[in-house]
């Protein structure tokens, strides 16, 4: 039902400020989830089960983190046909993020620029929201560091968040690739990443012993990486036996949107312009890690064919964000069906 209504809703939403439209949509989905209206909105998406990280996904098309930073609309989002939901990024303490305006549409390029800056209500409220959700599918919880935490102490924030979210997560994503938190991408460097992942894997094992279950860790990386950086990241993932990698976050490049309104705004660019760069990172990373570290492909998916290309590049699962904002829930079903056809061809 919602899929057929979305084109009409989008016309109104796209007349609003991008962030205001974002919040309005989340409030509506949150209300739908709380009142049971989500059942009426439920999308008809075929099952296409896939097992990755030891988890069985209803279908391989998920929602990327960033849309629901506080986990406040999980049930409403789950009704739209996604095979898995990822919420966050959340930080130890609440923070407002960067000053507004901080989200911009580039409709001529099917793109967004955002410099949100991990705005969220903190991990304690996040956990309460997750616990209140009725959704029992695969739920990824995405964690980051507070803006005022020195980069040298970033591991403390990640370890704190990991401990808080661990009992409630199907998997936990370590976000070290947002361009909107100062110096965060330094953590992708070989030495910094090695130290961070060593600490996280040690904490993961201790939490697994405490809770009686091993919750997989996924690392989210940037598209703005050279070949040597991709190789180093791949080696580090293998060395620490990280369960998955999400490729990729937003890009700082503006090559594909030069001259367009808002193109010079600071922040990360997402949508169609990041598709090729994301696929290239996926291909190179897959060449390094093979099947030992599953890849979740995200960046610029606007059609079922785009999702298929991501899998052909080496991804095991895909996630939607900007394409979902532009095309709505119909994109979820289209991607699932395209992937299912590919597997039966």
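Backbone N, Cα and C define each Cβ position, glycine as well.
Taken from Swiss-Prot, the feature FMN binding site applies to 65, 66, 67, 68, 69, 89, 142, 175, 220, 248, 271, 300, 321, 322. If you look up Swiss-Prot, you'll see 69, 114, 115, 116, 117, 118, 175, 180, 249, 250 marked as substrate binding site, on the strength of sequence analysis. Positions annotated as active site, nucleophile by Swiss-Prot: 178.
Sequence-distant contacts of residue 67 (FMN binding site), defined as residues of its own chain at least six apart whose C-beta falls under 8 angstroms from its C-beta, comprise 22, 26, 77, 87, 321, 324, 325. Within the group of binding-site residues (117, 271), the Cβ with the highest number of other Cβ atoms inside 10 Å belongs to 271. When the Cα positions of 65, 66, 67, 68, 69, 89, 142, 175, 220, 248, 271, 300, 321, 322 are compared pair by pair, the longest gap among these FMN-binding residues is 20 Å. Counting Cβ atoms from all protein chains shown, residue 220 (FMN binding site) has 25 others lying within 10 Å of its own Cβ. Calculated from their C-alpha atoms, the gap between residue 142 (FMN binding site) and residue 249 (substrate binding site) amounts to 12 Å. Comparing residue 271 (FMN binding site) with residue 249 (substrate binding site), their Cα atoms are 10 Å apart once rounded. Listed in sequence order, 87, 88, 89, 90, 116, 118, 119, 120 are the same-chain residues six or more apart from residue 69 (FMN binding site) with CB atoms under 8 A from its CB. Sequence-distant neighbours of residue 115 (substrate binding site): residues of the same chain at least 6 apart with a C-beta under 8 Å from its C-beta are 98, 102, 103, 179, 180, 265, 266, 267, 268.
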